[in-house]
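As written in Swiss-Prot, here are the features:
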ACT_SITE  Cys344  active site, proton donor
BINDING   Gly228, Glu266, Cys267, Gly268, Arg269, Tyr373  pyridoxal 5'-phosphate binding site
MOD_RES   Lys50  N6-(pyridoxal phosphate)lysine
Amino acid sequence: MRIVQPVIEQLKAQSHPVCHYIYDLVGLEHHLQHITSSLPSNCQMYYAMKANSERKILDTISQYVEGFEVASQGEIAKGLAFKPANHIIFGGPGKTDEELRYAVSEGVQRIHVESMHELQRLNAILEDEDKTQHILLRVNLAGPFPNATLHMAGRPTQFGISEDEVDDVIEAALAMPKIHLDGFHFHSISNNLDSNLHVDVVKLYFKKAKAWSEKHRFPLKHINLGGGIGVNYADLTNQFEWDNFVERFKTLIVEQEMEDVTLNFECGRFIVAHIGYYVTEVLDIKKVHGAWYAILRGGTQQFRLPVSWQHNHPFDIYRYKDNPYSFEKVSISRQDTTLVGQLCTPKDVFAREVQIDAISTGDVIVFKYAGAYGWSISHHDFLSHPHPEFIYLTQTKEDE
């Protein structure tokens, strides 16, 4: 948190309205160095661009990861600005013919096929273009899976090929000369916080992939193990134990004889969540029908994650004594307070009824762990408020 304090003080000293995203690119580099250097030799890290696709974020990340995982033509184009096409993998449901043609024409590394119909459409495009394409089949396993915030499989969802249909899709893919089936893509859980349980999930992936490869007699070259590594917003001191996971993961690879299979992770939240801060100031404090509210500059149209996940987002308060007005600030202490934005909706809530020691108008609120699924998923122009400004902290300077 100390890294953002000088920036906040500078903004306040200049009487600059405080409503910013601040990204710690130095911390991002250190994090990426650690996680990528600890992976086994047959494992590669891809960045799931959907978590945050700001150009300076992508530029920094591109120097450490094998490539980008993308889910649209627009994301392919963003990725191509920093990586060649053979370092881009294309997944996600509902790919259009236009997107598939674009991916094929650009030469993306692999396409993760989500259904028999998508496979047939891709094959028709390849025949029309007289090209070949490496693919993985995304499988929606039946489960059961460990506890996690989000489940992408094991229950009805729009993702992947139902496990009971996989055999038919494999046979179809193997019969298509333009299709090179390299293996499987699994992404069954999201925001898992237990590193030991994550190893168990990977073990299940290995078992399923090997069984299908042996049954259908094709070489298993590649498994995408998804992302799914979580962030604990409720307790920032108790996060996913990456080092423990990697050590057990390495052992599992040897035990399951997977050393000759290329393994991928496609992480997003785990890579960028902790390096972002949404910083805003208190405009008003008032009591309505017995409940205290602090109204902040901006709102969830800029930082939607707390509404999307229905949680109280972690924050710190920077107190400021200066008062630009001739009348007193509004101040409260030791009150349960709800932090809201400027939107004309009661759903515009960052944190609800949280105990606050002291808060005044003019104070600055710093929402931590705002680097993933913040600005990128928000409805920016609701009520036409100004957009936040963006500051990127590097070794030598602040970039805006």
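Note that Cβ sites are derived from N, Cα and C of the backbone, with glycine treated the same way.
This view paints the features noted in Swiss-Prot onto the structure.
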{"residue": "Lys50", "record": "N6-(pyridoxal phosphate)lysine", "Cβ neighbours (10 Å)": "21"}
{"residue": "Gly228", "record": "pyridoxal 5'-phosphate binding site", "Cβ neighbours (10 Å)": "28"}
{"residue": "Glu266", "record": "pyridoxal 5'-phosphate binding site", "Cβ neighbours (10 Å)": "27"}
{"residue": "Cys267", "record": "pyridoxal 5'-phosphate binding site", "Cβ neighbours (10 Å)": "21"}
{"residue": "Gly268", "record": "pyridoxal 5'-phosphate binding site", "Cβ neighbours (10 Å)": "23"}
{"residue": "Arg269", "record": "pyridoxal 5'-phosphate binding site", "Cβ neighbours (10 Å)": "23"}
{"residue": "Cys344", "record": "active site, proton donor", "Cβ neighbours (10 Å)": "8"}
{"residue": "Tyr373", "record": "pyridoxal 5'-phosphate binding site", "Cβ neighbours (10 Å)": "22"}
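Between the CA atoms of Tyr373 (pyridoxal 5'-phosphate binding site) and the residue listed as 'N6-(pyridoxal phosphate)lysine' there is a gap of 8 Å, rounded to the nearest whole number.
In this structure, the C-alpha atom of the residue listed as 'N6-(pyridoxal phosphate)lysine' lies 9 angstrom from that of Arg269 (pyridoxal 5'-phosphate binding site). Compute the center of the Cβ atoms of Gly228, Glu266, Cys267, Gly268, Arg269, Tyr373, which mark the site for pyridoxal 5'-phosphate; besides them, the chain residues with Cβ within 8 Å of that center are Ala48, Lys50, Ala51, Ser190, Gly227, Ile229, Phe270, Ile271, Ala372. Note: the Cα of Arg269 (pyridoxal 5'-phosphate binding site) and the Cα of Cys344 (active site, proton donor) are spaced 29 Å from each other. A separation of roughly 34 Å, to the nearest angstrom, links the Cα atoms of Gly228 (pyridoxal 5'-phosphate binding site) and Cys344 (active site, proton donor).
On the backbone, the CA of Glu266 (pyridoxal 5'-phosphate binding site) and the CA of Cys344 (active site, proton donor) stand 37 Å apart.
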